[in-house]
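Chemist: Handing you this structure, nothing more for now.
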Protein chains: 4
Amino acid sequence: MTFDPDATGLAYRHYDPDEVVMGKRLEDHLRFAVAYWHSFAWPGGDPFGGQTFDRPWFPDTMDGARLKAEAAFEMFDLLGVPFFCFHDADIRPEGASFAESRKNFEEIIGIFERKMATSKTKLLWGTANLFSHRRFMSGAATNPDPDVFAWSAATVKNCMDATHRLGGQNYVLWGGREGYETLLNTDLKAEMDHMARFLSMVVDYKHKIGFKGTILIEPKPQEPTKHQYDYDVATVFGFLQRYGLETEVKLNIEQGHAILAGHSFEHEIALANALGVFGSIDMNRNDYQSGWDTDQFPNNVPEVALAYYEILRGGGFKTGGTNFDAKLRRQSLDPEDLLAAHAGAMDVCARGLKAAARMLEDGTLETMRRERYAGWKTPASTELLSSDLATIAAKVEAEGIDPQPRSGKQEILENIVNRYV
Amino acid sequence: MTFDPDATGLAYRHYDPDEVVMGKRLEDHLRFAVAYWHSFAWPGGDPFGGQTFDRPWFPDTMDGARLKAEAAFEMFDLLGVPFFCFHDADIRPEGASFAESRKNFEEIIGIFERKMATSKTKLLWGTANLFSHRRFMSGAATNPDPDVFAWSAATVKNCMDATHRLGGQNYVLWGGREGYETLLNTDLKAEMDHMARFLSMVVDYKHKIGFKGTILIEPKPQEPTKHQYDYDVATVFGFLQRYGLETEVKLNIEQGHAILAGHSFEHEIALANALGVFGSIDMNRNDYQSGWDTDQFPNNVPEVALAYYEILRGGGFKTGGTNFDAKLRRQSLDPEDLLAAHAGAMDVCARGLKAAARMLEDGTLETMRRERYAGWKTPASTELLSSDLATIAAKVEAEGIDPQPRSGKQEILENIVNRYV
Amino acid sequence: MTFDPDATGLAYRHYDPDEVVMGKRLEDHLRFAVAYWHSFAWPGGDPFGGQTFDRPWFPDTMDGARLKAEAAFEMFDLLGVPFFCFHDADIRPEGASFAESRKNFEEIIGIFERKMATSKTKLLWGTANLFSHRRFMSGAATNPDPDVFAWSAATVKNCMDATHRLGGQNYVLWGGREGYETLLNTDLKAEMDHMARFLSMVVDYKHKIGFKGTILIEPKPQEPTKHQYDYDVATVFGFLQRYGLETEVKLNIEQGHAILAGHSFEHEIALANALGVFGSIDMNRNDYQSGWDTDQFPNNVPEVALAYYEILRGGGFKTGGTNFDAKLRRQSLDPEDLLAAHAGAMDVCARGLKAAARMLEDGTLETMRRERYAGWKTPASTELLSSDLATIAAKVEAEGIDPQPRSGKQEILENIVNRYV
Amino acid sequence: MTFDPDATGLAYRHYDPDEVVMGKRLEDHLRFAVAYWHSFAWPGGDPFGGQTFDRPWFPDTMDGARLKAEAAFEMFDLLGVPFFCFHDADIRPEGASFAESRKNFEEIIGIFERKMATSKTKLLWGTANLFSHRRFMSGAATNPDPDVFAWSAATVKNCMDATHRLGGQNYVLWGGREGYETLLNTDLKAEMDHMARFLSMVVDYKHKIGFKGTILIEPKPQEPTKHQYDYDVATVFGFLQRYGLETEVKLNIEQGHAILAGHSFEHEIALANALGVFGSIDMNRNDYQSGWDTDQFPNNVPEVALAYYEILRGGGFKTGGTNFDAKLRRQSLDPEDLLAAHAGAMDVCARGLKAAARMLEDGTLETMRRERYAGWKTPASTELLSSDLATIAAKVEAEGIDPQPRSGKQEILENIVNRYV
Ligand SMILES: [Co+2]
Ligand SMILES: [Co+2]
Ligand SMILES: [Co+2]
Ligand SMILES: [Co+2]
Ligand SMILES: [Co+2]
Ligand SMILES: [Co+2]
Ligand SMILES: [Co+2]
Ligand SMILES: [Co+2]
C-alpha cells in the first residue's frame, strides 16, 4: 500500500506517512493501529446470525493461532501501520485450565516478539478480554464471585507482562461486563470498590515491573450491560478521583462509545484534555441511527477533523494513537474489503488531521474563542472570582450592572471550519 | 382534598398523610412539594405554539404576582401539601433594573411569609431562575461575560436570603444554561472553573448566613443546551470532588433528567446513595419516546416503587422531599386538571412508597442480594483484596481456580417485585 | 404450575385459565404461546460474549433435536400453555443440503405431531428462519442473488406445510434481513418488488393448500439491519396496499419492535385495529434505555394493561395470541429461571387483561372519548365533511366562527387508568 | 453576496449560480429558498427561555409586518436566492376575527406581489400555520371540534389563493398538531378520516382554481405531538394510498424530521423516489444527539452530498427545491449571523450537489449497484418471479441449489464516495 493521490486501485490517496504537518510526520501524529480482534478474530456474527467470514486461520487451535499471527503481520506490513493492539483471547485458543491458556498465550507472544524484531509495526497497547467467556458474565473485577476477581487479576498480570515484553506503549482496560443487567441483584457500592481495588493493583503492578507505558481506561455507557460503570469521560474521571487514581490512569476514548453516551467524540476528547486525562483514541464510528455499538470504520472527514482538532489543541498524542477498533460489515467478506477499509479510514484520518492542523495554524477559531472570553482577563474579573455573594450583590446594585448578550456566532464558526474540511 | 379510597370524585385514594409506614407517617416519608413555576407561571407554550392556559393572574405585573400568590396558597391548602418550591422569576415580574426586580421579589416573599405563618405548607426549596432571560443565553456562572456571573451571584444571594427567611429546607441550583451549544466557541476548562467558584461562593454564603438547609445541584444532560455540565449524578459527583465540594453539596435528582441521560431513575438514586450525595427528588417523568424533557406527572406505580425502594434503602429523605417539577399537558386547560394531576401523582407515589416499604420489610430482595455477594464476606476474599496481581496469579494456577457462573435470577427478582406493586 | 394466589413458590398468582372475564375464559382471551427459539435453542450469547446456558440438548445433532423436543413439550405441559411457536432452524440441525435439512425438519415435525396428539398445547404459528445462516446475510426475498430467493421460497413452503400439518393457526414472516446495511449498494425499488412478489406467493400457497390460518408480518424497524422494510405497522400497511395484499395479510406486533420504531405498543395495536390488520402480538418488552432488541419478559402491569385494552377494544384475538418472543437474561442460567420467567410474564398479562376488561366494562374512558368527539355526530359536521374549501371559508366569515379549545383531560384519564391497574 | 472562492469576508465560496453541472445551472439545480418564519419571525425562544433576538419589525402589528416584508426582500436580494417560503402567521398579525386576519394577510400578500414584480426571488411554496394558536392545540383537520376543521379549511383556502396569486410552485401542508398527546382521548380512525377528507378538499380546490403547483405533505414523526400521523415517507405514502391521493400529493422531506423518525435523509429521499412521491426538501439538519427538532443550517458536506445524490438519481427537482427551514442558534443575535448562516449553508449544498453530480457522472457507484443485482436480469430469474412456492421448492432440491454469499463491499463503496466529497 503506497501513497498515490491519483491511484485507481488500492492505495493511500491522502495518507503520506512522511508528510510533515506542524513540524511532525503524519505517521508520528496519527500513530495508526490495527485491532487484532476485529480484523483477524471476528467471524462476522451479529445477534441474529452467525459466522459469515471464512478465514483459513479460524479453527480455534494453536495451528490456527499461528497462522493468524502470520496473516496479521503480513497485513500490518502491507498497510505499513506503525502499531497494532490485541487481547489475549484474540491471539490464542482457550486452554483447559488457566495455566494452559497462559502457555498458549505465551507461545504466540513469542511469535509476535520474533515478528516485531523485523516489522516496523509496534504494539500500541495490549489488553485482556474479560468479557467473552461465560465466567465473566456477571463481571470481572466486579463479579459477585471473588474467584472471578482472582482469575481476572491473574489474566491482567499475564497481559501486562506480555505488553511490557513486547514494548507496548499503553495498557488498556475496557470493563465490558463491569456494570449490571438489573439493579435488583447489584451491590453498586461493593462493585465499585472492587473495581477500584483491581485498578489499584494494576497501577501497582505497572510500577513493580517497570512498565513505562500508560494505563488507559476505555469508557462505554452500556452494551453488553444495561449500565457500565465506566460510562463516559466525566464518570471515569470522578471514579479515578474518588480512589486517588486520577494521576495514574488516562483514557482511551472511542467515537462510538461517545455517541452511545450522548456526547460528540470531540466533546469527550476536549473534556479529557480539560481534566488532564486524555490518552488515546479508538477511531471507529457508530451509526447515529443504530442504538448499539456498530464499530464502523470512520468515513466522515468533517467529523474526524473536529476530533483531531481537539487532540492537536491538547498537544497531540503522547503514548496514545489512533486505533481502529473497527470491524467490517459482516457482508464484507473479502480480504480486499479489510485492506480497503483500513486504507479508506487512514485516508479519512489523514484528511481530518491535516484540516485540523490548518485550522489550528491559521488560528481564526482560537482567536475568536479567546476574544469571547476576553472579559475574564481583566483585574476586575479576577477580583470578582475572589469575591463573595454579598459583595457582588451590593456591587451589581451600586453600579447598575445590566449585562447585554453578545452573539455566539455558531454558524460563522461552522462556516470557518468548512473552509478547511 | 381528603383521603377516601372509595371516592368517585376528586380525592386521595391511596395517600393518607397519617398512615404509618415503617414507623413514620406517609406525609413525613413522601414530603410532597408543589412547583410554583409549572403550576402557576407556565402559560402552556411549546416550541410550536404559544399560551393555551388562561389564568386571571397571568398579567406579568405586581398585581398579577399578588393574585398568583393567593391562588398558589389556596391550592396548597386544598391539596394539603406540606411543601412548595419556587424560583424568583416565578413569583415576581422582572423590574427595569436589578434593584427593582429585587424589590418586587422581596414584596412577594413578604406575602409568602405571612401566608406561611398560618398555612401548613412550608418551603422545600428555593432557587434562582438563571436561564430564561436573554442575559443568561450563554450561561450564568459560565457566561463569557463576567457581568453575567456577577448578576447571577447577586440573584442567588437574594434567593438564598429569601429561602433562609422562609425557613426553606434546601436551596437548589439547576444550571440550565451552564453548558454549550457548540464546542467551537467554548472554553470548557474556564467555564468549569467559574462554575465551581460560583458554587463555592454559594456554600460560603450558606455558612455565613447560618442557613442550615442543604445545597442541592439538579443534574440534567442537555436541553436547552446541547451539553450541560451537570450531566448526571456521576458527572456532578466528579465535579464536586474536583473542587473539594463533595461534602457540602448534594443532589436533587429528576426522573426525566435521568432518562435523558440514559439512566433509570432508580439508578441515579442508588448511585447518589452509594456516593453519599443523595438529597431530594423531582418526581416527574419523561415520556420514553420523546427526546425532550416532558415533565409529566408520574403515573406508573411499578417504576415509582423502584425509585422509593432505593430512597428507603438509603434511609429515606432527610431535608429532601418529593417535588413535582411537573407540568400539565398544554391541552389540560382547566383548574380541575391541575388538582387532579397532583392528586393522581400523590396517589401514585403513595402506592409506590408503600410497595417499596413492604418489599424492604419483607426482606426477600435484600436477602437475595446479600447471598449473591456472600463470597466476599470470607477471610479469603478480604485477603484477596489486599493482595497483588503477581500473588493472585500464582495462586490461581497453584490452586487450579476455575470459577463457575451462577444464575443472576433477574426474572425471579422481577417477579418478586411484582408481588408488591 | 397451578393457579394459587397465595403460593410461596412457583405458581400462577393471577393467571387462572378458567377465570371468566367479559364472558370468556382467560386462557381463551390471552392465548399464550411459548417461543421455541428463545426458550430452547438460544445459547445465551450476546455481541460481546458466547454461550452461557448449558442444556443437555444443545449438541446440534438430530439426537439433540429429539431431546430438545422432549424438553419443550415437557415444559409446555408443566406451564399448561395452550400454544407454542417455532422456526425451522430452532427444531432441527442444518443438513449438508436443502433436502437433508428438510428431512431433518420433517422428522421433528413428526415428533411434534405425535406429541400434540396428547398435549393440550397447540401451534399458534410456524415461521422460517431466513436470517441466521450466512446465505441470508444480504436478505432472503430481497437478496441480490435469485438463488437465495429460491432457497427462501422453498424453505417457506416447507414451513407452511408443517404449520398446516400441525394445525397451526397462523403463519408468520419476520424479514430480519429484508432491509439494508448501506443504501449505497441497494436497489430499494427492486428489493421491495421482490419482497412483494414473495409475499404473494405465500398467500397463493396458503390458498392452494387450504391453510385456513392467518398470514402475519412482524414489523421491526432495524436490527440486525440498519433499515428493515417492514419498519412498523403504518409502513407494512402501506406496503400491503401497494401490492394489493392488505386483505390477505395481517400483523404480528411486538412490544420491543414498537419501541425501537419510536411508538408505544398500544399505538401500534390501535393503529393496526384502525387499519383492519391487527393479528397477533409478541408480548416481550424492550428496555427503554437500550437501543437494541432486548426481548425481555413483560413485567410492567400498567403498560401491559394498555396493550390489552386496545386489543379488547378491537374485539380481542381471532387466530392470534400472546406469544413470548422473550429470552432469559443470559445470566439466568437455571431451568427454574425459564419457568419463573414464563409464570411471571403470564401473571403480568393476566393482571393487565383483567384491568383492561374492567376499564372497558366500566366504560368511563370510552364515554369520555365519545364525548370529546360528540361535535362530529351532528348533521352540521356531516355537511362540513362533504363541503369544500371555498364554501367553508365563506361560512367561517359569515358566521364569525371562533372555536374555543376544551381541555384534553390527559391527567384525569391517566388517573382513571390508575384506578384499574 | 457574490461568488468569490477566495473571499475573506461574507461571500459564496462554492455556490456560483451560473456554474453548469450536468447540463444545468447550479441555481436551477438547487433552487434555494429562504424560510420567512425562522429568518424573520422567530424571536429566539426555546422551552427554557424567551426572546433573544431584537429586530425592528418584531412588534406584532401591521407596521411591524410591513417593515418585516421590506427586510425580507432586502435579504432575498442580498443573497440572490431564487425562492422564499412563508406561512400566513409569519407575515401578518393575527386579527380580532378570522376576517380581520385575512385582511391583514391579503395586504401583506399585496406587498409581496409588488416586491416580486421586480425581485428575482419567487415563491417556492406557501403554507398555513395551523399549529401555533391555542385553537389548534388539539389538531387542525383532526380536531375534536368541527369548528376548528372549518377554521383550518378556511385558512388553507386563503393561503392557497395567496400562493396561486404569487405564482408559487408548490403548496405545503405540515400537520404539526395532527397527532396526539395521549391515545387515551384519541379516536385514531376518525382523526385519520378527517385528515384525509381535508386533504381531498385541498386537492379539489387546487384543481378548481387552476393552481398548477404541487401539493406537498411534510412528514415528521413527533414534536410538538407525541405522535404525528404524517410520521415519515412510508407512513404518508400508505395514508395517501388508503384515501386514493397518491397521485395527487407529493412529499417535502426534511433532514431533521428524517433523523427524528430513525432514518437517514438520503433514505427518505430514495424511498420517496422509489414510491414516486418525491417533491421537495427542507435542508436543515438536526443535531444527532438532541432528541428534538433543532432545525440547524446544514454543515456537513458528505451527508449533504448523499442527499443530493439521491435527488439527482431521481431526476432532480421538478417544482421542488432546497428550502432552509433552518433557524439560527438563539445566541446568534446579529444580522450578520443570518446572512452568514445562509451563505455557509448554500456553499455546503453547492459542494454537496457538485460532488453528487460527479459521482453520478463517473458512474462507478451505479455500475457496482447494477452488477450486484445482475442475477435478476436473466430469463431464469424472471421465470422464478412468476413461479410459485411448490415449483420453486421442487427446483431447489432437484438442482441442488446452494447459494454462496458475495461481499456487499460497503467500505469500498464508502471509500469511493470519499473520493468525491
Ligand atoms: Co465499540
Ligand atoms: Co474500543
Ligand atoms: Co425536567
Ligand atoms: Co427538575
Ligand atoms: Co424482538
Ligand atoms: Co418477535
Ligand atoms: Co424541523
Ligand atoms: Co420543515
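The first residue you see is number 1, and the count goes up from there.
Positions of Cβ are set from backbone N, Cα and C atoms, glycine also.
Keep in mind the model is a prediction, meaning the values are calculated, not measured.
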Chemist: Return the residue out of A:Glu246, A:Glu248, A:Glu254, A:Glu361 that TrEMBL annotates for the same Mg(2+) 1 site as A:Glu218, A:Asp282, A:Asp325.
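Modeler: Same Mg(2+) 1 site in TrEMBL: A:Glu254.
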Chemist: List the other residues in this chain whose Cβ sits within 8 Å of the Cβ centroid of the Mg(2+) 1 site residues A:Glu218, A:Glu254, A:Asp282, A:Asp325, in sequence order.
Modeler: A:Trp174, A:Lys220, A:Asn252, A:Ile253, A:Gln255, A:Gly256, A:His257, A:Ile281, A:Asn284, A:Asn323
Chemist: Out of the recorded positions A:Asp90, A:Asp293, A:Asp295, give me the one sitting nearest to A:Asp325 (Mg(2+) 1 binding site) by CA distance.
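Modeler: Going through A:Asp90, A:Asp293, A:Asp295 one by one, the closest to A:Asp325 (Mg(2+) 1 binding site) is A:Asp295.
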Chemist: In Å, rounded, how far does the Cα of A:Asp282 (Mg(2+) 1 binding site) sit from the Cα of A:His257 (Mg(2+) 2 binding site)?
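Modeler: Counting only the Cα atoms, the answer is 9 Å.
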Chemist: Are there residues of the same chain, six or more positions away from A:His257 (Mg(2+) 2 binding site), whose CB falls under 8 angstroms from its CB, and which are they?
Modeler: A:Glu218, A:Pro219, A:Lys220, A:Pro221, A:Asp232, A:Asp282, A:Asn286, A:Asp293
Chemist: In terms of DSSP three-state secondary structure, what is the assignment for A:His257 (Mg(2+) 2 binding site)?
Modeler: helix
Chemist: Determine, from DSSP, whether A:His87 (active site) sits in helix, strand or coil.
Modeler: strand
Chemist: Given the recorded positions A:His87, A:Asp90, A:Glu254, state which is nearest to A:Asp295 (Mg(2+) 2 binding site) when distance is taken between Cα atoms.
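Modeler: If we rank A:His87, A:Asp90, A:Glu254 by Cα distance to A:Asp295 (Mg(2+) 2 binding site), first place goes to A:Glu254.
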Chemist: Where A:His87 (active site) and A:Glu254 (Mg(2+) 1 binding site) are concerned, what is their Cα separation in Å, rounded?
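Modeler: Rounded to a whole number, the Cα-Cα distance is 17 Å.
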Chemist: Can you list which of the recorded positions A:His87, A:Glu254, A:Asp282 have their Cβ under 6 Å from some atom of ligand 2?
Modeler: A:Glu254, A:Asp282
Chemist: List, in residue order, those recorded positions out of A:His87, A:Asp90, A:Glu218, A:Glu254, A:Asp293, A:Asp295 with a Cβ under 6 Å from any atom belonging to ligand 1.
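Modeler: Going through A:His87, A:Asp90, A:Glu218, A:Glu254, A:Asp293, A:Asp295 in sequence order, those close to ligand 1 turn out to be A:Glu254, A:Asp293, A:Asp295.
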Chemist: Can you list, in sequence order, the residues of the same chain other than A:Glu254, A:His257, A:Asp293, A:Asp295 whose CB lies within 8 Å of the CB centroid of the Mg(2+) 2 site?
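Modeler: The answer, listed by sequence position, is A:Lys220, A:Gln255, A:Gly256, A:Ile259, A:Leu260, A:Asp282, A:Asn284, A:Asn286, A:Thr294, A:Asp325.
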Chemist: Between A:Asp90 (active site) and A:Glu254 (Mg(2+) 1 binding site), how many Å separate their Cα atoms?
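Modeler: Their Cα atoms are separated by 20 Å.
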Chemist: Restricting to the same chain and to sequence separations of six or more, state which residues have a Cβ under 8 Å from that of A:Glu254 (Mg(2+) 1 binding site).
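Modeler: When sequence neighbours closer than 6 are ignored, A:Glu254 (Mg(2+) 1 binding site) has A:Glu218, A:Pro219, A:Lys220, A:Ile281, A:Asp282, A:Asn284, A:Asp325 within Cβ distance under 8 Å.
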